[in-house]
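Asks: This is the structure I want to talk about, given as structure tokens.
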Amino acid sequence: MILLHVRKEGENMKKIILASGSPRRKELLELAGVPFEIVVSEVEETIGAYSSPSDIVMSLALQKASAVAENNSDHIVLGADTIVTYESRILGKPSNEAEAKEMLQLLSGKTHEVYTGVAIIAKDKTVTFYERTEVTFWELTEEEIDAYIASKEPLDKAGSYGIQGKGSIFVQHIQGDYYSVVGLPISRLVRELKQFNIDVTHA
């Protein structure tokens with residue numbers, strides 16, 4: 001069993017709060033043995049004039065975490081955001097099936113990038129970081145795309161696919177962190193949490 005270690009003696013154990021309702025991020029934290037609670041951020045995400053996808057995901061992750069941290073200042077709050085990009089075009093969650101089909105046709109046979117940004121907020125410290133992963137799709141037939149859209153899986157996913165689900169059959173090659181594409185670069189996160197005197201790597 002993996003336990004939470006807080007190294008400052010005499011300090012009350014701080015809760016880790018995930019500022020996201022994503023079932024995939026929840027599953028990854030559970031997989032790593034990170035104890036946490038969920039408080040879904042209700043913040044309206046706004047994308048300003050940022051210079052890069054990495055800036056966008058880190059800013060959105062920080063917006064989510066900050067909104068929850070306002071009422072949980074004694075604890076550690078995690079926020080995360082994921083976007084898919086292809087040739088400088090940002091592919092978020094599709095608004096409908098037609099948009100999902102357009103995105104999948106665009107990604108067919110091509111290499112795109114997935115950025116996930118993470119923000120960790122505590123009373124005396126804030127850390128933000130991101131991971132970039134390249135994903136290459138096989139050439140997709142219209143029948144494959146239509147069948148996938150009919151499953152409804154792509155409708156709540158950035159880029160209109162879930163690499164951990166049925167969308168996995170579209171992936172020819174991946175370079176980078178698979179878990180970041182799922183929604184949370186869990187290995188990097190565990191290491192960054194050590195800056196907050198939290199270590200989940202010891203049994």
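Each Cβ is built from the backbone N, Cα and C atoms, and glycine gets one as well.
So Swiss-Prot says this about it:
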SITE      ARG24  site 'Important for substrate specificity'
ACT_SITE  ASP81  active site, proton acceptor
SITE      THR82  site 'Important for substrate specificity'
SITE      GLN164  site 'Important for substrate specificity'
Asks: Identify which of the recorded sites THR82, GLN164 has its Cβ surrounded by the largest number of other Cβ atoms within 10 Å, counting every protein chain shown.
Replies: THR82
Asks: State the Cα to Cα distance, in Å, between ARG24 (site 'Important for substrate specificity') and GLN164 (site 'Important for substrate specificity'), rounded to an integer.
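Replies: Between the Cα atoms of ARG24 (site 'Important for substrate specificity') and GLN164 (site 'Important for substrate specificity'), the distance comes to 9 Å.
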Asks: Of all the recorded positions given, ARG24, ASP81, which residue's CB has the most CB neighbours within 10 A?
Replies: ASP81
Asks: Between ASP81 (active site, proton acceptor) and GLN164 (site 'Important for substrate specificity'), how far is it from one CA atom to the other, in Å?
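Replies: Distance between the two Cα atoms comes out at 17 Å.
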Asks: Rounded to the nearest angstrom, how far is the Cα of GLN164 (site 'Important for substrate specificity') from the Cα of THR82 (site 'Important for substrate specificity')?
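Replies: Between the Cα atoms of THR82 (site 'Important for substrate specificity') and GLN164 (site 'Important for substrate specificity'), the distance comes to 14 Å.
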Asks: Using DSSP and three states only, what is GLN164 (site 'Important for substrate specificity')?
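Replies: DSSP call for GLN164 (site 'Important for substrate specificity'): coil, neither helix nor strand.
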Asks: Helix, strand or coil at ARG24 (site 'Important for substrate specificity'), per DSSP?
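Replies: DSSP call for ARG24 (site 'Important for substrate specificity'): helix.
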